[in-house]
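A.B. asks: Take a look at this one; I'll ask things after.
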Amino acid sequence: MANSGIQLLGFFLSLIGIVGLIIGTILPQWKMSAYIGDNIITAVAMYQGLWMSCAFQSTGQLQCKIYDSILQLDSSLQATRALMIVGIIVSIAGLGVACMGMKCTTCGGSDRLRKARIAMTGGIILLVGGLCAIVACSWFAHNVIRAFYNPYTPVNTKFEFGAAIFIAWGGSLLDVLGGAMLAASCPRKKQVSKYPAIGSSRSGPPSSTKEYV
C-alpha cells in the first residue's frame, strides 16, 4: 500500500513538473530588462524568451515578435531550446511508461514484479528528462549572469532573470523528484534460502522401536 502511494505521489509530481516545463518553455519572460545605474526609464519593459521577444509598455500594451530565423539566434539559445524540447518529450514518454507499470493501473500485465520494473524504468526516463531541463535552465541563467557582470555590456542592454525561468526550474525539479520516487518504488526480490531449515533437518520420523525388559 505504501509502495502504491509513493508511485501515485511521484506520478502527480512528475505530471505537475511537465506542465511547468511546458508553460516555462512557452512564456517569453526568461529574462527581463534590468533597471540599474542611471537607467531609470521604466516606460517600456523588455522581455526575451526562447521563441520571442516582447515589449511591455506602461499603458498596458504588450507587443511580441517571434524570432524570424533560427540561424540568426545565439548558439546558447539554440542549445537551450533543444534541451528543453528534449526534456519535455523524454519526460512525457517516461510518464507514459511509468503509468503502465503503476499498481493502480491494469495495463502492463498482472505480474507485480514486472509492473514494478516498468514503473522503475519510467522513473529513470523521467530523471533523464528533468536533468535535461535543469541543464538548459542553468546554462541560460549562467549566460544571463555573465552578460550582466560583463563591464563591456551597455547598461541599457543588461537583463536579469524573468518569471519563466523560475517556472521551468521548478518544473524540472518536480520532474526529477517524481522520477526518483517512481524509480525507488521497485520492490526487492525475496531471497530464498538454498538450505533447509535447521529444525526440519534435525527432526526425523518418530522412533518405532520399543524397549523390552
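A Cβ is built for glycine as well, from the same backbone N, Cα and C atoms used for every other residue.
Pulled from TrEMBL, these are the listed features:
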COMPBIAS  200-213  compositional bias 'Polar residues'
REGION    193-213  region 'Disordered'
TRANSMEM  6-27  transmembrane segment
TRANSMEM  39-59  transmembrane segment
TRANSMEM  79-98  transmembrane segment
TRANSMEM  118-141  transmembrane segment
TRANSMEM  161-184  transmembrane segment
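In the displayed structure, how are the listed features positioned relative to their neighbours?
C.D. replies: Beyond the transmembrane segment (6-27), the same-chain residues lying 6 or more positions past its ends with a Cβ under 8 Å from any Cβ of the stretch are 49-51, 84-85, 87-88, 91-92, 94-95, 98-99, 102-104, 119, 123, 126, 130, 133, 162-182, 184-185.
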A.B. asks: In the same chain, which residue numbers or ranges, 6 or more beyond the ends of the transmembrane segment (79-98), come under 8 angstroms Cβ to Cβ?
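C.D. replies: Here the qualifying positions are 7, 10-11, 14-15, 17-18, 21-22, 25, 50-51, 118-119, 121-133, 135-137, 139-140, 168, 172, 175, 179, 182.
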A.B. asks: Who are the long-range neighbours of the transmembrane segment (161-184) in its own chain, taking Cβ under 8 Å and residues 6 or more past its ends?
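C.D. replies: Beyond its ends, the transmembrane segment (161-184) has Cβ neighbours at 6-7, 9-25, 27-32, 47, 49, 84, 87, 91, 94, 98, 119-120, 122-127, 129-131, 133-134, 136-137, 140-141, 144.
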